[in-house]
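Worksheet: the structure to be examined is printed underneath.
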Amino acid sequence: RLGGPWLLGLLTRLLLWGSPGAWASYLRRSSSCMPIPQRMALCYDIGYSEMRIPNLLEHETMTEVIQQSSSWLPLLARECHPDARIFLCSLFAPICLDRLIYPCRSLCEAVKRSCAPVMACYGYPWPEILNCNKFPADHELCIAAVSMDENSSSRRMPRASCKDCELEEASTAREILESLCANDFAVKIRILRKNTTTTISDFDLDPSKVEVLKHGPLLRTEIPARLQQWLDIDATCAHNIMRGTHAGVFVVSGEVQSDKVVVNKAYAWQKRNRNLHQAVRRWKHHRCPEQAG
């Protein structure tokens, strides 16, 4: 789970570096190639096996590299951008070639666009050490983005939520009914995981398994599309709800915020959740307090 202390430690430990040109000249003279150790979870098994020390962030020992790179693991766990790991490893564990290869400025900007808001949730800015203006333009030799550009993709780039959305325990039927009343919409849906091999999991809504309990300000016909949009842009919430499963049925409720829906509550639709089953059966005849009288 993401929290403030890891980012505070990250920002206080990272050092600023000067222009890439000056540091690159120094590295070419002094750096050496070393195997990427398994203890370096950020970059181990990234696709190449050797890295340069010192790296592009001026870390001079493997101990320092492992310590500081581990600070970024919670951010990657939020799945804020599919190329975040590639971008960070190009700096923490630069590939051992005849010359230094920096990440392209566009790669930095794409990762920053999706990941900086997550850091901002906890009051921390994108660190100066990752200032995208320090990296080469795309026409130069550099590491480009692997994922499709978000402007040309039909699928919006996932944006991690500041809220840690988790499955709720179906405590009592009454509490569930009160929760459904407090939210703008409530729907029983089936979610499918499309892949498990990429950095960000892709989720699909099964349109044949959508049961609208409460539509609120939304039209019933637009709910499937709005919930699919939620699955597309809120990777963190969907990932936490699925808990590693490939498919599942859930009762979700939430609020409508301008052009998107936000899920506040999610319950797993399972036989053992008798309180949830009872609440859904009673919902048809239930009158919320503001509707009574």
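Yeah, the Cβs are placed from backbone N, Cα and C, and that goes for glycine too.
Caution: TrEMBL annotation is automatic and unverified by curators.
Counting only residues at least six positions away in the same chain, the Cβ atoms of Ile36, Met51, Ser69, Arg85, Leu88, Cys89, Phe92, Ala93 sit under 8 Å from the Cβ of Cys43 (disulfide bond). Feature annotation from TrEMBL assigns disulfide bond to Cys43-Cys89 (among others).
Under the heading disulfide bond, TrEMBL lists Cys108-Cys132 (among others).
Assigned with DSSP, the residues of the domain 'FZ' (28-145) fall into helix, strand and coil as follows: 51 helix, 11 strand, 56 coil. According to TrEMBL, the feature domain 'FZ' maps to 28-145.
The annotation domain 'NTR' is assigned in TrEMBL to 162-288.
Sequence annotations record features per position, and here TrEMBL assigns signal peptide to 1-24.
Neighbour counts were taken at the CB atom with a 10 A radius for the disulfide-bonded residues Cys89, Cys132; the maximum falls on Cys89. Around the Cβ of Cys108 (disulfide bond), the same chain contributes Phe87, Leu130, Cys132, Phe135, each under 8 angstroms and 6 or more positions distant in sequence.
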